Structure formats: structure tokens, C-alpha cells
Amino acid sequence: MMLPEPLLVIMAVCLPLLYPAMALRAAWERAMRYALPVLPLPALVLALGSEPGWQLEMPWLLNGGLWAVDGVRRLFLLLTAVLWMVAGIYAVGCLRPDHLRRFCVFWGLTLAGNLGLTVAVDIGSFYSFFALMTFAGYGLVVHEGTNEAIRAGRVYLVMAVLGEMAILTGLLLASAAAGSQMLADLPEAIAASPRRDLIMALLIAGFGVKAGLPLLHFWLPLAHPVAPTPASAVLSGAMIKAGLLGWLVTLPFGEVAMPGWGALMIVAGAVGAIGAAVLGVCQQRPKAVLAYSSISQMGLMVLMVGVALADSGRAPVLFSVIALYALHHGLAKGSLFLSAGVSLPAGAMRRAVVWLLIALPGLSLAGLPFTSGALAKLAMKEGLLENRLEFALAGYLSPLMTAGAVATLLLILRYLWTLSAKLGTGHNPPMLVAGWLAAVGVSLVAFWWMPWEAGGLVESPVWLPAPYQLWALVWPMLIALGLALLTLWASRLVKQR
Amino acid sequence: MTLNTWIPVLALMTSLIASLVIFALPEKGYRLRTAVNLGAALLKLGLVVVMVWGVFRGVGYGVSFTMVPGVTFVLKADAFSMMFAGLSAVLWLLTTIYAVGYLEDSPNRSRFFGFFSLCVASTMGIALAGNLFTFFLFYEMLTLSTYPLVVHRGTEKALKAGRTYVIYTLTGGAVLLLAIAWLHGVVGDLPFREGGHFTGSDPDIHRSLTLIFILLVAGLGVKAAIFPLHGWLPQAMVAPAPVSALLHAVAVVKAGAFGIVRVVHDVYGVDASSALGLLEPLAWLAAFTIIYASVRALWQVDLKRRLAFSTVSQVSYIILGVSIFGPVAAVGGLVHLLHQGIMKITLFFCAGNYAETLGIHRIDEMDGAGRRMPGTSVAFTIGAFGMIGAPPLAGFITKWTMGSGALAVNMDWVVVVLVASSLLNAAYFLPVLYRLWFRKPAAHWPHERQWGRLETSAWLFWPPLLTAVMTVMVGVLASLPFSPLSWAELIVLREYSP
């Protein structure tokens, strides 16, 4: 299908960017609420309906603007558009009327930033959209106005400003080294630059703040849970991925092997994946558990980034796996966050169905067969097969991934446990339910029709894993289940005394 | 004499004649005065647009005659003068609109607008001056015409600030005059010339040239508020908001910065200044001012005082830019002459709106003002983010260009200064924005006035919004021809390859 892509991309960015103007009239408040789900529509059409390869040149923009979509960006764009849309539907149902217009303004601006940065190919507009998303996101975090939210917002803002500065300096150094204002020229220039390590450190740390890299993650478990539920979903599902995308488009993958940086990222990823799980299972509140789960999942993606850095030959393959994993995680995590705000219906049968729908995206994260998680996990496993990799840490990857899978399921079980204590019985606004069901449906069903590429890593048919793969997926889950039961039993014993 | 000779004279005369007419008008002639003011501002803007187009195509505008033998009076339009003239013309128009609303019903408006126009005429003269002598004439005229504006309110505090202002600037003027006379004695009357005069000059006069340079910078540095000569500026913020806006964004501090750029680029020449070893100390001084004033701004509780220290900091960007020996960094410095003007005038307009509409002067009174005055607060937010250097606003273009330029000539420490300054700007602007948008308002505003449909008087409402839009546009559309960035590139191209 032929589409006027340049027009679509301008609409995709400008619609949410101009939408806040509706706040000028108090009478449009209702319209503003109902417009929320429509905002990502052009972006969705763009991501689904157009083949990558077009570009839009805007020589008058900043230092020369260029917007385009390639295979990896397309998946990020799709994830962003879909998640913001289902969260938007959900928001229509769940938002309270106080400060509604303010919330919508920040929602639109944050969305514009998040969409824009996935299509921006020049440094100026990429960084502009990134900053827009960061600063407007503050408004979503502190929206509830509680002391806790304000404190979380402060930590968020301080970390965000520091991150922005690191990114700015890194981009400035890289751009000066490249003598170019385009992102595509940076990797080569960074690889050849005498300041390579400084630039790498700045970019990894700067984007790492957004991506929840261990030690830079403090803000994340504070900020993601305090935001209103739909905002939590997009924060943890889509915006966290912006940091990941930042790495993918700037770091010198495939230029030169960097075992040192690769090892550092692998260690960071491992610490994130497992450390966050340890901290996460200690959390009392469901959304905080999910925030730690996001850090843990990002840890696995950081791991893959590290491998791609260490082994430049594998980078192209790993890119599609990372994008696939990001898509899978974003959709599943979005559904999980949205489920934190639903109320249970009366009637045992209905309750069971709701609980099943709450649990399924979580189990998908843990790699349940026939889910997107199984596909992503298998693709990751194949992508990281040690006999194909050539660097020192390669032998540790397999046990790390297993540990990661155990950690994932433990966190999900913890989430369900804390949620069961919190969920009340009651009536849900219809739009809220619609948004949540849409999220679950997209994560479990529509995912299979999305344009991801498993790159020949996973044997077809993808949805039916081979027996050995099945076992590889299931046994970490059994361990986690065993651990959870053990904990439960131990806590019973303690209570009885 | 052709038309091209007369256009710069006319541009100068519009404000001058407007000033005289306004002095002659009775205090009550509100409509006529406003008409004269706006008419003159529009006419001047038109003339400047004509000159900008002409200078772009290489037309020479200018007039010169001998005052006494050896001393000439020169008016001349080059690319750099048009940058300052353009800033002055655009912002004068907006400030006039703003001032009409701001001073509604207040006494002595005739006096105010008379000196106001005189002040703008001085900036025009400074922009078009073709040699140091002419520059000095208008530079002092600026001092004298701004004093009545600073003390306009006539309060004890205003008079004290005015006294400080006059002591600082007249002393600076005296030092400047001494330096100009000395330079005249050493090398005679020098017109401003792209590329300067002292490349490959006689080594015998190098010592004198160095000393004269120091004196020139010291004299000009008072108005440009370089540390430690900045003391008058935070005090002068007692003046009415439009005056502060004009002092900070266009007239006074910019005149100083403009003069320093003239001395470096068009009297000494970048090559010669660099060869004499004059640029590096200047760069360090500017960098120190940037950081020092930002730190001071952190502790100010009065909104306008905080903005004043921010001005001290931001103006030194211009000086830092020209004192880095490299074309790209120079572009970054020059473009900030316009960028800082647009952003800072937005912030001062907004500060004035809060004061006039709600009686807010202190930052801790601003809680929740965003709901009461959304338009003003959006403008303030854009201005503040611009100052921080957030993309894609004006300040980002400055920082990006200057940073790239500094890296190109291996002055990496400049990037550290830029980042530190951004962090400090964030530290003193973001809490204000937080108060505006996320705090609950107090039960009563300190002194609220109602204006019907808009959040404030229409005269006050539109100017900051317009300048906020400009702050966005000069950043987003930085690569268009005739954008501040493109114009600064033109200036530097002519300077570095004369």
C-alpha cells in the first residue's frame, strides 16, 4: 500500500504536539479526554502501513532535519504508538476530573517527544524530542500531587537533567568528531575518535538513566509507580525503551569490537536483571514490583547490548532480537501496569477469567510457551549461543539468562500476590476495561501479526516451540514456582509460631 | 548624497525625533503619544529590514564627516551592526507596546517615553557607529538616557540604584574614553573594519595595544556586566519592568557586549587579538562570570533579581564566544546576542505581568500562578527552558554551536562550562516552573487586578507570547536564511575571510 509517509510522519508528531492547545478552552475539557486515544493514530498507521525506506528532509529544521524509519525504529514506533493508544483508552476511563487538562497537556507533549525521537534521524531533532519527552514526563510523574509523587518527581528531574547533560555532551563530542549533524554518522566517528571511551561513557550513562541502568535507576521505582496508572504503563513500557533506542542509534555497534565496554554492559545487565528481582520481591506495592521488573527486563536487554558491543559481527542479528524483545516487553509490561487499576467483578467464574487475563502477560514475560515472551526468549537464547560468540564472558550468558528467567517469574508471582491483596471488587468504567483488554489482546494476540523479525533464529512455526525449546523455557519457570511455594510455606511456618 | 547614505541616518532619526515629539506632547496626550511611539517603531523596523536586505546583497550604507581634523563621525551599516539594529528595532516595538500597557495611569509618562525613545536612538547609534569615537558618543548618550528610566519610580531604592548605575557606567565611560584617546594617539582614527587593523602590526606598539585592550574591555565590561563590574545590574532591576526588559535584553548590557565584539573583531581583528594573547584571558573571565553569576542567581528570592543575575551570566556567553579563536564558536557567541535578547525579554515581560496583575515579586509567591495566568506562564516556561539550553529552543542553538566551535579548536573546557551553566540554570529555573504549575495557589494573590477576558491587559499579554514564539522559532528554524544563526554565520564569514 502506498501512503504519503512524509505527511503521515508530520501528522504523527504534530498531532500530539498541537493537541495541548485544546487546553486553552475550559469547555473543551471533555473533548480533550476523549481525544487521548486518537493521538497516536497517525503514528500507528505509519508503523503498520508503510514499508521502511522513505525519508523526510527538512533542511530548515534546527541544524538540518531528517526523519526516517528503518526496521528497528519501525518496531519502536509501533510499540510506542500501540502502547500510548491502549493507555489512552484506559486513561479516558480512569482519569479523575481534577487537573485533567494539565494531565492531558503533559500527556500530549510526552507522547510527541516519544514518537518524535523514534523517527528523528538527525541529532538536533532526536535530542529535542528526547528532552521534550523527559521534561514533559515530569508532569505525568507528579500529577497526583501527593508528597510521595513530588519527592519521586524531584528525584526524576534531577536524574533526568543529569542524564540530558551527559547525552548533550556525548552527542556534542561525537558530532564534532564526525563533523556531521546526522545520527547515522556517529558510530563510525565514535569508533575512530581518540575520545572514544569518554563519548561511550557519556552516552551509555546518559541514555542509561532513562533505561534504568543499575546505579542510575534510583528514580525509576519511585517515579513509575506514583504516576497515574496509564502514565505508569507508558513510562515503563514505552519511554524506558527510548534510552535503549538511544544506545542503538548512537553507539558504535558493528564498527569495532569493544570487549571492555561489552563486558561492562553485560555485567551491568546481569546486575540489573538479578539485583532488581531481589529488590523487587521485597516490595509491598504491586506497581513498585512491576517497576523493578522493568529494570530486571531492561537488564536482559542491556546484556544483549553488551554482547553486541563486544562482538561486532553479531550486532545486526542482535539488533533485531533486541527490538523484538523490546516490543514484547513493552506490550506485556503495559498490560500488567494497566491491570493494576482494574476492579474484580463478582462471581467466581468471572474472577477467574480476570485473574487469568492479568496473569497471562506476566507469564508471557516469563517465557510461557505460545506467548510473545517464548518467542523473544528463544530468539535471545539463539542470538547469544556461546559457540557463535568470541569474547571472554560468553560462557556466562546462558546461566545468566536462566537466572533472569527465574527472576522474572518470581517478580510476576510477587506482583500477583501483592495485587491480590489490593484489588477490590467493584465496577470498572467501560473505557478502562476496554483499554486494559486491548492491551492484553495486543500483547497476546495481535503481536503475532506485527512486523518483527526473528531473523531465522527461531525455527518455524514460531508459535509451536520444539520439545527441547519447550523444556528450556519451562524449567526456569518450575524453579521459580518452586521457590515461590517454598517461600509461601516458610512464611506460613513463621506465622504459626 | 544618495538614498543609501540617508537610510542609516533616518533609522537613527526616527527614534530621536519621536523622543523630541514625545517630550513636547502634553502628559494627557495618551493616544497621540502612543501613535507616535508605535509609528516610529514600525518605521524604524521597516528601515532596518531594508538595510538588512541591502547588507545581505552587499550594498554599502553609510555617511561620514569630519568633526575636528583627525576625528570623524561615521555611520555605517555592516552585517554585525544590522544584527544589533535588528534586535533593537524588533524588541523596541514590542517593548513599546508592553510599556504602554504597563504604565497605564501612572505619572510622568511623557518623560518616560521620551527617554525611552532616546535610549533606543542611542542603541541604533551604537549599532551603526563606524568607528570608536562615534561609538563612544552614543554609548554615553545611552548612559544618560537610561538613568531617568532607572530612577523613574523616584523611590529611595530607585534613586540609590540609579546612583550606583551612574557611578559604574560613567566610570566605565571615562576608562573607555581614555582607552580610545590613547589608541587614537598611537595609531590614529580607525574605522571598524572586518578583520581588524592590527594583523602583522609593528611589534613596538604591542605593549601599548595590550594595555589599551585591557582598558577598552574594562570600560565596555561595565555595561556588559563582566565580573567584577556587574554590581550595578542586579540593583537596577528596581526599574519598571519594560525598562528592565530593555536594559537586560537590548540596550545596556548588549551595548557593552557589542562593543567588546567590535573591539575584538573590527578594531584589533581576531588574528591580532589572538596573537597578542588577549583572547584566552578574556575567555576565562567570561567563563568565570558565567558560572559565578549563575551560582549567585540560585540564592535570589526576588524574581527580577534572579533574572538579573541570569543576565550577567548569559551576556558573558557572547564574550566567551568571540574570545574563542574559531569561526564556529564566534557564530555561537554572536547568535546569542539575539537569542539572549529574545529569551530574556520574554522572562522580564512575564515577571512584569506577574507583578502588575497579581502583585507577585518574590519567587515564593508564584505558587500556582500557572492556572491564573496560563499564557504568561507558558511564555515564562519557554523562556526559562531556552535559558537552560533545552532543545530545540534558542539557547540550545547557542550552546550547541558554541560547544562545537570550542571542540573544533580543542578548547574542551568550554564544554564543561556550558554544561555546568546549563545545570545551574536548571537549578534556578526549574523550581520556579514547579511552583508555577504544580503548587497550590495561596488563598489570595498579593495584589490582584482584573482585566476582563484575558488574564491580564492585552498590551501586556501579547508581547511575551510573541517573544516566546520567537524563542521557539529561532531555534526550530535555525537553518533558514535570515535566521539569527544564518546571519551570525554571515558576519563570521566576512570577519574570518575579509
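From the backbone N, Cα and C atoms, a Cβ is placed for every residue, glycine too.
TrEMBL: automatically predicted annotations, no manual curation.
Residues or ranges marked as transmembrane segment in TrEMBL: A:75-95 (among others). Among residues of the same chain six or more beyond the transmembrane segment (A:75-95), those with a C-beta under 8 A of the stretch's C-beta atoms are 12, 33-34, 36-41, 43-44, 46-48, 69, 103, 107, 111, 114-115, 118-119, 228-231, 233-234, 237-238, 241, 245, 323-324, 326-327, 330-331, 334, 338, 341, 428-436, 438-439, 442, 446, 450-452.
Per TrEMBL, the feature transmembrane segment maps to A:102-120 (among others).
If you look up TrEMBL, you'll see A:122-389 marked as domain 'NADH:quinone oxidoreductase/Mrp antiporter transmembrane'.
Annotated transmembrane segment per TrEMBL: A:126-143 (among others), in sequence order.
Tertiary neighbourhood of the transmembrane segment (A:155-178): same-chain residues 123, 127, 130-131, 134-135, 137-138, 141, 185-186, 188-190, 192-193, 195, 198-199, 202-203, 205-210, 216, 218-219, 222-223, 246, 250, selected by CB-CB distance under 8 Å and a gap of 6+ residues from either end. Under the heading transmembrane segment, TrEMBL lists A:155-178 (among others).
Residues or ranges marked as transmembrane segment in TrEMBL: A:198-219 (among others). Panel annotation: around the transmembrane segment (A:198-219), residues 134, 152, 155-156, 158-160, 162-171, 173-174, 177, 190, 239-244, 246-247, 250-252, 258, 261, 265, 268, 271-272, 275-276, 294-295, 298-299, 301-302 of the same chain, lying at least six beyond its termini, place a Cβ under 8 Å from a Cβ of the stretch.
Look at TrEMBL and you will find A:231-249 (among others) tagged as transmembrane segment.
The feature transmembrane segment is assigned by TrEMBL to A:261-282 (among others).
Within the chain carrying the transmembrane segment (A:289-309), a Cβ under 8 angstroms from the stretch's Cβ atoms is held by residues 211-214, 217, 220-221, 224-225, 232, 236, 240, 244, 247-248, 251, 253-254, 257-258, 261-277, 279-281, 283, 315, 318-319, 321-322, 325-326, 329, 333, 336-337, 340, 365, 380, 383-384, 389, 394, 397, 400-401, 404, 407-408, 411-412, 414-415, 418, all 6 or more beyond its ends. Per TrEMBL, the feature transmembrane segment maps to A:289-309 (among others).
Per TrEMBL, transmembrane segment is recorded for A:353-376 (among others). Sequence-remote contacts of a segment are chain residues at least 6 beyond its ends whose Cβ falls under 8 Å from one of its Cβ atoms, and for the transmembrane segment (A:353-376) they are 293, 297, 321, 324-325, 327-329, 331-333, 335-336, 339, 342, 344-345, 405, 408-409, 412, 415-416, 419, 437, 439-440, 443-444, 447-448, 454, 458, 462-465, 470, 473-474, 476-477, 480.
TrEMBL lists A:396-417 (among others) with the feature transmembrane segment. Cβ atoms under 8 Å from those of the transmembrane segment (A:396-417) belong to residues 266, 270, 273-274, 276-278, 280-281, 283, 286, 289-290, 292-293, 296-297, 299-300, 303, 307, 336, 355, 358-359, 362-363, 365-367, 377, 380-381, 384, 386, 389, 473, 476-477, 479-481, 483-484 of the same chain, restricted to positions at least 6 beyond its ends.
Positions annotated as transmembrane segment by TrEMBL: A:429-450 (among others). Under 8 Å from some Cβ of the transmembrane segment (A:429-450) lie the Cβ atoms of residues 37, 75, 78, 82-83, 85-94, 230, 233, 327-328, 331-332, 334-335, 338-339, 341-342, 357, 360-361, 364, 371-372, 463, all in the same chain and six or more residues away from its ends.
If you look up TrEMBL, you'll see A:470-490 (among others) marked as transmembrane segment.
By the Cβ criterion (distance under 8 Å, sequence gap of 6 or more), the transmembrane segment (A:231-249) is counted as touching the transmembrane segment (A:126-143), at least 3 such pairs being found. Outside the transmembrane segment (A:102-120), and at least 6 residues removed from its termini, the chain residues within Cβ reach (under 8 Å) are 9, 12-14, 16-17, 19-20, 22-23, 32-33, 35-36, 39-40, 43, 65-69, 73, 76-77, 80-81, 84, 88, 91, 95, 126, 128-134, 136-140, 143, 183, 228, 231, 234, 238-239, 242, 245-246.
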